[in-house]
Amino acid sequence: MEVWRAEQGWEAAGRVALFALLLSVCCRAVAEPIRYSIPEELGRGSLVGPLAWDLGLSSAELPARKLRIVAGDEMRYFTVGEDNTNLRVNERIDRESICGAVSPCVITLEAVIENPFNIFHVSVTIEDINDNAPQFDREFVDLEMIESTRPGARFLLGSGRDPDIGTNSLQNYQLTPNPLFSLVVKESPDGTKHPELVLQKSLDREKQRNYHLILTALDGGDPVRSGTIQIKINVTDANDNTPVFTKEIYKVRLLENLPEGSLAFQVKATDSDEGTNAEITYSFSDITNGARQLFSLDSRTGEVKVTGPLDYEEGKHYEATVEGRDGGGLSAQAKVHIDILDVNDNAPTISLLPILNSIPEDSVPSTVVAVINVRDRDSGDNGAVSCNIDGDSPFRLESSSENTYKLITASELDRETIPHYNITITARDRGSPALSSSAELVLEVSDVNDNAPVFEEEVYSAYVAENNAAGAPVLRVLARDADAGANGRVSYWLEGGSAGTAPPPVSVESRSGALYAQRSFDYEQCREFAVAIRAQDSGVPSRSSTATVRIFVLDRNDNAPRVLWPTAAEAGGETPPFEVVPRSAEVGYLVAKVVAVDADAGRNAWLSYELLQAPEPALFRLGLHSGEVRTARAVSERDAAKQRLVALVKDHGQPALSATATLHVVLAESLQEALPELSERPPPVDSPAELQFYLVLALALLSALFLLSLLLALLARLRRAGPPTVLRCLNAQRFSLASGAFPADFCEGTLPYSYNLCVAPGRALTEAAFLPPSLPSL
């Protein structure tokens, strides 16, 4: 049997593949649903159809397109195989448990692909196979027949049931051969076949009281399956009237929320006989197991009560046959049709299939985020579902099919404003009262580099005192980037500025944004400069912004005042600058003005003047701030004609620095009168350099005298000890005083390199001469 099923499944799969091939070649209309047909009972992993090929996807596209299926509860029956190309069976499919008697049995699902996103509708038809044999509700049927029953009388037998459909369902009945009985099969409008036992000949209780027959139900499958029931017939004495039901068919409509124990309906039969022959007992002669668990029949009153939970979604319609039997054994049957009416007792169910676990914040509108499948087991308005999003959000629902929605973006997203969304989707039916259910989707918004770093200030100001050490901290800039991760990681760089020097005067640490001085600053050379700092994130592509840092160099008192006038006289005897003051000058007469400048700034450049030296302290005064030299009193005859003034120029720094200026003043009525005074040079004043020279010269003379004394003492000691060998040849007896010649017998070996000089006796040399090298005596 299993081999037959597998062969049948592969045949069906081959037919499906061939059909899909022809369909795709003839018409690639993706708007139409893709249809497959498979037999039931296929094993896990069995091929349903080449889904990827039917969607027009090549093997190279599959990894990027991410083929998936979504179909709510039906998704568990099918899956996309590991090869991600074929639709396969995920678990055993039993057509009877899924669809019951409904034909055709179709399971719908949606195939989802991405990049770009699209949804395709797929329907799979489940074909019936003959996997169920006909069955009867009970094993035995007990019939009582009075012996006076006329031939041709008919007796209803229990109907068999086969959950298969079509030719695989119940097709016929057979009865074991018996000359007294025959079988007639009637077919109701809905196609159900009911067997009836027909009496062919009169009965004789005295000859045979009991009969045993076997009724066989046969289906039309290949091979044929069957089920049997035993018929026991008891022949009784005469009973003239059979029970009669008030209706041949009882049609009952029950709400599915009818509580257990409630009275569903009541059947009624009457019998014209009297006594026990008129007492009727009721029973179900033909009822399904499902209906037997839901309803109970009172054998005396004919009341049918609800004994189990009614559920429209589980069973919409039930049929049963009620038999009424009198005390004499005669019986009658009536059909009961029970319709279950739907009430809104099922809330919609929501199945979410997230397409994106996180959505980039630069996603364009209409980007698909998730696929939502909504189902309601109720019917009619009770099963009509509408879906919406609670609250305000940049998302909306777009209907894809009757029960499928796409969750898409409705507007632009900004992660820096809202980093994630809790999207609540509510499905509500149209029942009264309406039922609803909700599902929540947490969606993270992933960051993209859409924000440039922003400095806390556009222009920074830093103050650095001059003469700073190289490497001293100047300032720290800070830029913030609203992005996350590498997109928000900021590094700092020098962009340029007004310093105009290379290398730049400052450096910046790339991570912290701290600025450091590269060299010592000089206020007098550069009082301020600006540099541009660029803050750049690590995104791809990167974004950046710039800020200006203005660095102000603060002055220190590192420059002494410089006197511009009077100028100092150069060494060499030139006449120093002088001023002529008439002796008739009045008090406050402007003699001269000391002019000085200071390269520093502020208090460090505020100058004050005072007299350090003056021959006549009371004659002149110097303006504290102006530097003007004026007479403090009238000039008298006793005042010297030549006056030498020394002025001190001092700044106000901490500590203060100063300089001096010398001013020569001649008291004369006119320049001609002052010239003789100027020609008389004052005695030179020994400068410190001259004094130093004299001291060095004195020390040199003392050292020379000390060395000479030592030399004389050494010579005196040598004289007392006798002349050395080297001086013996200088003895007065060895040479003539008349001329510079060697004595005749001179011979001394004091010359270097072993040269010996020998002179023969009797010969006088007028000059000191050496013998030629060729002489044998050398």
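Glycine too: its Cβ is placed from the backbone N, Cα and C atoms.
Bear in mind that TrEMBL entries carry predicted annotations, made automatically and left uncurated.
As given in TrEMBL:
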SIGNAL    1-31  signal peptide
DOMAIN    30-136  domain 'Cadherin'
DOMAIN    137-245  domain 'Cadherin'
DOMAIN    246-350  domain 'Cadherin'
DOMAIN    358-455  domain 'Cadherin'
DOMAIN    456-563  domain 'Cadherin'
DOMAIN    581-678  domain 'Cadherin'
TRANSMEM  691-715  transmembrane segment
Please identify the stretch among 246-350, 358-455, 456-563, 581-678 with the greatest number of Cβ pairs below 8 Å relative to the domain 'Cadherin' (30-136).
358-455
Please work out the helix, strand and coil residue numbers for the domain 'Cadherin' (581-678) from the DSSP assignment.
12 helix, 42 strand, 44 coil
Could you give the number of helix, strand and coil residues in the domain 'Cadherin' (30-136) as assigned by DSSP?
19 helix, 38 strand, 50 coil
Just to confirm my parser: what is the rounded mean pLDDT across the domain 'Cadherin' (358-455)?
90
